[in-house]
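Per Swiss-Prot, the features are as follows:
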{"type": "BINDING", "residues": "16, 18, 37, 40", "note": "Zn(2+) binding site"}
């Protein structure tokens, strides 16, 4: 490795809005504030909601479909 060309790799803390503090290493150089983390993200906590778009698609198709026997 060449000397004096690599960024400074140091320990930082990433603080989530839920209060979770994560210690990691990065070249950013300052502490980070996160909006979501693995402790509060709905996908990882199991609180994820499934949006039912089937009703909307069916309603659109029914409204804008052309009847078969009509010209």
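Including glycine, each Cβ sits where the backbone N, Cα and C put it.
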Practice prompt. State the three-class DSSP label for residue 16 (Zn(2+) binding site), counting H, G and I as helix, E and B as strand, and everything else as coil.
Written response: strand
Item to complete: Can you tell which of 16, 18, 37, 40 has the least company, meaning the fewest other C-beta atoms within 10 angstroms of its C-beta, among these binding-site residues?
Response: 18
Worksheet item: From the centroid of the CB atoms of 16, 18, 37, 40, the recorded Zn(2+) site, which same-chain residues not already listed sit within 8 A by their CB, in sequence order?
Response: 17, 19, 20, 34, 36, 38, 39, 41
